[in-house]
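Data first, discussion second: the structure below is written as C-alpha cells.
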Amino acid sequence: IYVPAPAPAVYAPYAARAYAAPAVVAAPAAPAVRAAAVPVAAAAPAAVAAAEYDPHPQYSYGYSVNDALTGDSKSQQESRDGDVVQGSYSLVEPDGSVRTVDYTADPVNGFNAVVHKEPGVHAPIAAPVPAPAVPAGHVRTTVAAPAVAAAPVVRAAIAAPAYATYAAAPIARTAVAAPAIAAAPIARAAYAYPYAGAYF
C-alpha cells in the first residue's frame, strides 16, 4: 500500500530584531577653569604638655546625710596618702541599728574592712497599723442585681472550602507518515595534492 508523504512544513523566515542607535547630541564644552595656586599656611604645631605624674597622690573627702522626714541617715569619709587609702562609712538600718564600716587599702595588705554594728540611738520606726476591714457603724444592705437577658448562643458553622475543577486539555495527536527508507549512494572520495609535483 502506497502512502503519500505529508507536505513539508513551511515556516516564516526568522526576523532579527533591530534597535535604533541612540541619538548623539553634541553639547558645547564648558570653558576650562584653572584654580589659582594659593599658598596654604601650615598650622604651627600645638605644644602639648604631658600630664604630670604625681608619685605621691593625696586626696580627702567626706559627706553626711541626715533626713528626719525619710529617716535616711548616712555618712562617708575617705582619704588617700600615696598608695594607702583609709575611710569609713555608716548608715542607719531599718531596725534602727547603726552599721559602720572602717576600711583600709595598701599595696602590702590589700583591701581590709571591719564592720561594727551598734544598737540604735533612734527609736525604731513603728510599722503602720492596718485599718479595720469593716468601718464602724456600717450597715449591711442587699442590692438586687439588674436583670440581664442572656445573649443568644450563636453557633458558627464552618463551610467546607469550594474547590474549582477544570477540564483536562484534549490530547493532541499528530499523524506522521513512516519515513521512506532507501539506501544512501556510495560516495567516492577523490583527493588532490596540489603541491605534490612542486619540489624546490
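Don't overthink the numbers, they just go from 1 along the chain as shown.
Positions of Cβ are set from backbone N, Cα and C atoms, glycine also.
The domain 'Chitin-binding type R&R' annotation in Swiss-Prot covers 56-127. The average pLDDT the prediction assigns to the domain 'Chitin-binding type R&R' (56-127) is 88.
Same-chain residues lying 6 or more positions outside the region 'Disordered' (70-89) and placing a CB less than 8 Å from one of its CB atoms are 56-64, 100-107, 122, 125. Among the features that Swiss-Prot reports, region 'Disordered' is placed at 70-89.
Here Swiss-Prot flags 20-23 as repeat '1'.
Residues annotated as repeat '2' in Swiss-Prot, with sequence analysis given as evidence: 26-29.
The annotation repeat '3' is assigned in Swiss-Prot to 43-46.
The repeat '4' annotation in Swiss-Prot covers 126-129.
Residues annotated as repeat '5' in Swiss-Prot, with sequence analysis given as evidence: 144-147.
The repeat '6' annotation in Swiss-Prot covers 150-153.
As annotated by Swiss-Prot, repeat '7' applies to 159-162, with the evidence given as sequence analysis.
The repeat '8' feature in Swiss-Prot is assigned to 177-180.
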